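Copied over from Swiss-Prot, here are the features:
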type	residues	note
TOPO_DOM	1-198	topological domain 'Cytoplasmic'
MOD_RES	THR89	phosphothreonine
MOD_RES	SER129	phosphoserine
MOD_RES	SER131	phosphoserine
MOD_RES	SER146	phosphoserine
COILED	167-198	coiled coil
MOD_RES	SER171	phosphoserine
TRANSMEM	199-216	transmembrane segment
Amino acid sequence: MAEISRIQYEMEYTEGISQRMRVPEKLKVAPPNADLEQGFQDGVPNASVIMQVPERIVVTGNNEDISFSRPADLDLIQSTPFKPLALKTPPRVLTLSERPLDFLDLERPPPTPQSEEIRAVGRLKRERSMSENAVRQNGQLVRNDSMYGISSLDAAVEGASEDMSVVDAASLRRQIIKLNRRLQLLEEENKERAKREMVMYSITVAFWLLNSWLWFRR
């Protein structure tokens, strides 16, 4: 309900605006610090200007005279001639001139004794670092092998203990099954014994009752 009333209000509002609001054809311009109401009362007509969109806007200083009909920068731009630029189309195929691959070595300066010594020292350092890395890698391999052996031994011990636990669990299960069977047999024997005792007790009681009745009859 509230939504319908809001839509109706908006329609009435837009309709009222479209019917009542009008764009003026002229705007009256009054001098600064002038009283418009007094001017209307005195009957002094205010200046009116027809609204038109200017073709361009020129910005000048405070006391400069607008003597030119167009901006100076546009005149400068249009007065300076542009030099034509010649552009060449790039080739479709790029070719490399035949030249030996070792031309860079040929262009290098001849080695000096100092550079030879520096190269020899660098080569020795590289060989030493390579040997140290090889020793470290071998040590790491030996350590990894020992750790792998210890871990495999632990795994074997754990596997054996797990196997023993599985065997123990199976044997315990068998013993429990046997004990259950024995208990069931004992319970059945006790039930049969109780039945026999009840029968024997009832027979003896009947026998004593019959004897006592016969004795009283005599």
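Every residue number used here counts from 1 along the chain in the order it is shown.
Including glycine, each Cβ sits where the backbone N, Cα and C put it.
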Point to revise | Predicted model, mean pLDDT over the coiled coil (167-198) | key: 88
Review point. In the structure shown, which of the modified residues THR89, SER129, SER131, SER171 has the fewest other Cβ atoms within 10 Å?
Key: THR89
Check your understanding: What Cα-Cα separation, expressed in whole Å, is found between SER131 (phosphoserine) and SER171 (phosphoserine)?
Key -> 59
Check your understanding: For SER129 (phosphoserine), which DSSP three-state class applies?
Key -> helix
